[in-house]
Amino acid sequence: MSTDITPSSAPQCPDHIVFEHVTKEFRTRSGTVRALDDVSLAIKRGSISAVIGHSGAGKSTLVRLINGLETPTRGRVLVDGTDVSQLSDKAMRPLRADIGMIFQQFNLFGSRTIYDNVAYPLKLAHWKKADEKKRITELLSFVGLTSKAWDHPDQLSGGQKQRVGIARALATKPSILLADESTSALDPETTADVLSLLKRVNAELGVTVVVITHEMEVVRSIAQQVSVLAAGHLVESGSARQVFAHPQSETTQRFLATIIGQHPNGEEQARLQSENPHARLVDVSSVASHSFGDALARISHTGASFQIVHGGVIEVHDGSLGNYTVALSGPAQAVEQAVQILEEVSNSAAPTTSATVPTPTEEAH
């Protein structure tokens, strides 16, 4: 048995996980609850994909469909091209062994050492003792906890406990890692450390990472692809840069407002206009700080004057994103030319996919 730290080989479908028109309903005493409604979503192999939504959006149900703990009421969930719901109990075991998972509350065995916590899935998989020891040593080194091998969980910080959880989840060399609200119980600094480790898992081991969260800061820090759930509906999906630059749904816009200033509302716009009575105000969304800077340099040659009166910038996975309001003044022709330059910047990112969300009749899980 090989003991290198990389995940086991698997059929190389470009889309690692696919939801095809998936609806999931639960029967309750009060009636039928629709947790997911006609969700179609593809997660690419080797990516870091985030699924974000508020409580009740259907995130937990989506995770349980991936590892076969739930089956769709309608539609299909494919992992490596295989319909999960069609697998027998025997065929389900290797699929679940190929999917690691970490949780908000760590789920460690308090009475066992860190070494034995990481060893647990290897013992279930009947690894040879020598291979088991080598694998655990590799993993504890990878997550930076070699010196903690014989400690118990109550001797560790929250961030260290989550590192143990990651090591244990990677023990059997899965090709998929599901992180279900894995940083919700951590402080911001520790969250950043754990997210950095998840990036390494993806970059160095080639593992497809699926992050389930309600925190847009987590999405901003780590995600390459973003999908937004609202009351069981997929309301938006696209690259992180696309979703952040051009949010299509109201849900996404509210999430983004928690980490980056949005364009001014009507009242703020009126105030800015009163402060700049002779200027034309233009809202700009830029997916790269240099493109906005280049635009301002071009405007300086038009004869128009400009001033940034509102906005800010954040870093996302593959670049930066800024929302700005620019006050333009000067000769009418120069101002018009400057407006066109700024519009080119705002139109430079492709729109995300989105859908109109019908009013749900039941609350999703």
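Yeah, the Cβs are placed from backbone N, Cα and C, and that goes for glycine too.
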Range among 146-165, 346-365 that Swiss-Prot annotates as region 'Disordered': 346-365
DSSP three-state assignment for Lys59 (ATP binding site): helix
Sparsest-packed among the binding-site residues, when each Cβ's other Cβ atoms within 10 Å are tallied, from Gly53, Gly56, Gly58: Gly56
Candidate with sparsest Cβ neighbourhood (10 Å radius) among Ser55, Ser60, the listed binding-site residues: Ser55
